[in-house]
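Record features, source TrEMBL:
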type     : residues : note
TRANSMEM : 42-61    : transmembrane segment
TRANSMEM : 81-102   : transmembrane segment
TRANSMEM : 122-143  : transmembrane segment
TRANSMEM : 149-165  : transmembrane segment
TRANSMEM : 177-193  : transmembrane segment
TRANSMEM : 199-219  : transmembrane segment
Amino acid sequence: MSKDDDIQQAINSIALIRQVISQTDAGNPDAKLSGITLDANLLVQLGVFFIVLALGLLELFTSGAMTETLGSGHQNLELKFFGIGLMAFIIVGLVLVLYFVVWRAARHNGEEPGAYIRRNFLYMYQLSLVSDLLMKFICLALLLLADKALWIAPVLLAFTADYLFQARLFTLPSKVAAALGVLCLSLAAYQFYVGSGSLLLPLLTFSAVAGLSAGRLVLRYRNQVQTVH
């Protein structure tokens, strides 16, 4: 197997994509990302960033409307199910972003999406997030059903820390990801301790992390384009 084949296989998961970028940052110019892979992952990062940022701004400019809606579930059963439906809508939106990436990458490569997935199963590592998101949705829904809406914000921060520690979504350097993960857990503990159920902090925190990750990929994209030209 050639060196280019080794690199192409290595970048098929987000964790290894992060390693490839880190190698370049360390002075190894031979570690390159293919155009399709870089474009697809950049689209995921930016898509997630803008979706969560929009939710954070909505929460900010509506003076905590989502937090209030989720917190009112114990008073009104309809509001409780509305909150669950709202979370389901957000999860479905994120999943659709991932599927759009699959479709776009397959189209760019001139293949059918099904065949593309079968041929590049490791590259479709991001699809494992579907089951992960489903489990997180179930966890949040159970918190609402148990009238523990105040726990949702700290749990969301813990979820962000999990993504940072496991390198499932972000492409940040390992040490930076670990430090940010610890920070997210600290913020989660703080919100739990003070009894704050505000969704603003976890949404803006996730947006900031996603923005840093996407920004790193943008810089990588520009550097690679400049190298080619």
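Every residue, even glycine, has its Cβ placed from backbone N, Cα and C.
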Apart from its near flanks, which chain residues at least 6 from the ends of the transmembrane segment (199-219) lie with a Cβ under 8 angstroms of it? 21, 38, 41-42, 45-46, 48-49, 52-53, 55-56, 59-60, 64, 66-67, 70, 152-154, 156-157, 160, 164, 169-172, 176, 180, 184, 187-188, 191
Would you say the transmembrane segment (177-193) and the transmembrane segment (149-165) are touching, if the rule is that at least three C-beta pairs must lie under 8 angstroms and be 6 or more residues apart? yes
